[in-house]
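Feature annotation from TrEMBL assigns repeat 'HEAT' to 10-48, 164-200, 203-241, 242-280, 281-319, 320-358, 359-397, 398-436, 476-514, 515-553, 554-588.
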Amino acid sequence: MAMINEPLYPIAVLIDELKNEDIQLRLNSIRKLSTIARALGEERTRKELIPFLSENNDDDDEVLLAMAEELGVFIPYVGGVEHANVLLPPLETLCIVEETCVRDKAVESLCRIGAQMREQDLVEFFIPLLKRLAAGEWFTARVSSCGLFHIAYPSAPEALKTELRTLYSQLCQDDMPMVRRSAATNLGKFAATVEAPHLKVDIMSMFDDLTHDDQDSVRLLAVEGCAALGKLLEPQDCIAHILPVIVNFSQDKSWRVRYMVANQLYELCEAVGPEPTRSDLVPAYVRLLRDNEAEVRIAAAGKVTKFCRILNSELAIQNILPCVKELSTDSSQHVRSALASVIMGMAPILGKDATIEQLLPIFLSLLKDEFPDVRLNIISKLDQVNQVIGIDLLSQSLLPAIVELAEDRHWRVRLAIIEYIPLLASQLGVGFFDDKLGALCMQWLKDKVYSIRDAAANNVKRLAEEFGPDWAMQHIVPQVLDMINNPHYLYRMTILHAVSLLAPVMGKDITCSKLLPVVINASKDRVPNIKFNVAKVLQSLIPIVDQSVVEKTIRPCLVELSEDPDVDVRYFATQALQSSDQQMMMSN
């Protein structure tokens with residue numbers, strides 16, 4: 001409240017702090033601008049605070065960035081949209097600074113303010129600002145101006161619109177590559193506001209300039225413009241103007257441009273439509289899949305399934321599949337990894353026969369790849385293939401490879417297999433699971449890596465949920481409980497974790513007769529970590545079992561643990577006892 005009562009105080013503090021040598025103080029002051037503006041009131045904010053900020057020549061980029069951000073939301077503090085124009089001068093200054101992120105934030109704030117300004121104010125204040133920046137001596141001003149055209153253009157009168165189009169055309173041919181890059185980046189936004197007749201003539205001529213630029217950094221940004229412009233043009237214009245550009249770009253001498261085409265190809269296909277895609281873009285895509293730069297092949301391989309969706313299965317088998325086979329043995333592990341992450345999605349597109357004949361051998365070779373990420377990407381998408389070829393074939397062809405991966409030397413691969421097991425179990429059925437995978441699930445509980453043991457305990461619980469308590473009682477519980485006597489305490493701890501997860505699934509009878517005695521027995525363990533985990537497990541069992549069992553068995557054990565010499569054991573045992581008391585009070 002003091003601030004509101006003493007309106008002179010905040011501006012004085014602000015001025016002092018903004019001139020302070022300590023950057024943190026200057027930053028804090030800028031971030032409190034809205035508070036200070038509220039204290040000053042709208043009129044004084046317009047007349048004192050904003051001019052002060054316009055003259056503030058702070059040289060620290062962090063302070064300037066914070067200022068650009070704050071001013072973007074300042075309209076309510078200067079008296080609403082009718083006074084929004086007062087915010088333009090300080091932001092214009094920020095649009096010219098050297099640091100890119102400050103300029104970008106200033107442009108973003110100007111766009112936000114311009115979008116709310118009244119039409120006459122845009123013509124009177126915003127468009128002159130844009131023209132000053134576009135004709136600026138420093139290239140930084142011209143770079144910033146490119147991002148403002150799409151805000152100014154719709155409100156401009158006809159004569160001004162022609163001038164703005166001419167200005168943008170000049171920026172597309174600027175001497176500085178950075179300006180041309182900015183023009184290429186923002187062309188799609190500007191084009192979306194331009195009327196259809198001018199779009200075909202003026203905008204396409206600018207686009208043409210950018211696509212023939214001698215700098216690859218400009219051309220690669222024009223690739224993004226292809227997709228944006230393609231969506232604005234009529235289909236026949238798109239085929240006439242955009243398609244040849246895409247095909248040329250796919251053979252560009254710079255690998256960066258080809259990489260952008262590979263990355264954007266799906267969006268470009270959407271822009272030109274299905275027919276031209278089949279006739280013109282399939283050969284271009286095949287070239288990219290066989291590119292001599294690994295980066296281009298990675299981008300193209302990652303889009304293989306998306307691209308095949310546009311084609312019919314015949315075209316995909318004929319043109320794309322031979323490339324996929326080559327990529328599966330590519331010299332770059334990253335290309336194989338990108339392919340492995342999407343190749344499973346091809347199965348539904350190609351259909352059962354082609355998947356069995358053509359894709360299965362590729363899956364198997366990728367499952368045996370020496371690079372763990374490749375194996376991992378295949379495992380995580382196995383269900384997509386199962387839907388197409390059925391479980392019998394999947395189990396005959398892929399299961400031996402899965403069993404091999406279950407013992408993979410890379411723990412992340414083992415982890416991916418464990419997480420896939422419940423899904424595999426539900427698809428394979430009980431009989432098949434018992435024969436092939438049951439032993440593996442127990443083996444993982446004794447893995448050297450904690451994450452694997454933790455996942456294995458969760459896996460045991462999910463299997464019990466899938467196949468039911470009776471099955472779990474026969475095939476899981478006895479083997480799990482046997483391991484509680486393992487000489488290594490970390491493995492004993494895993495078993496306690498597994499018990500706490502199994503108990504809710506198994507129900508109170510099996511918990512009382514089989515699981516609880518094992519936990520109580522473990523409370524006599526010589527390792528404190530085991531004992532405090534016993535206290536945690538007992539706490540989790542309290543809601544599952546009857547009150548009489550809590551009184552006769554669980555509480556006496558917890559009382560004993562609460563007097564243990566180890567401080568952690570005492571803490572967790574006391575926590576569990578308190579939880580037991582709360583449970584009793586609630587049940588009463």
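Quick reminder: no glycine exception, Cβ is built from N, Cα and C everywhere.
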Within-chain partners of the repeat 'HEAT' (476-514) [C-beta distance under 8 Å, separation at least 6 from its ends]: 441-442, 445-446, 450, 453-454, 456-458, 460-461, 463-465, 469, 521-522, 525, 527, 529-530, 533-534, 536-537, 540-541, 544-546, 549
Distal contacts, the repeat 'HEAT' (203-241) - CB-CB under 8 A, six or more residues away: 165, 168-169, 172-173, 177, 180-181, 183-185, 187-192, 194, 248-249, 252, 254, 256-257, 259-261, 264, 267-268, 270-273, 276
DSSP-derived helix, strand and coil totals, residue by residue, for the repeat 'HEAT' (515-553): 29 helix, 0 strand, 10 coil
Number of helical, extended and coil residues in the repeat 'HEAT' (554-588), per DSSP: 29 helix, 0 strand, 6 coil
Composition by DSSP (helix, strand, coil) of residues within the repeat 'HEAT' (476-514): 34 helix, 0 strand, 5 coil
Residues of the parent chain within Cβ reach of the repeat 'HEAT' (281-319), under 8 Å, 6 or more residues beyond its termini: 243, 246-247, 250-251, 255, 258-259, 261-263, 265-266, 268-269, 272, 274, 326-327, 330-332, 334-335, 338-339, 341-343, 345-346, 349-351, 354, 358
Across the repeat 'HEAT' (554-588), average pLDDT on the 0 to 100 scale: 82
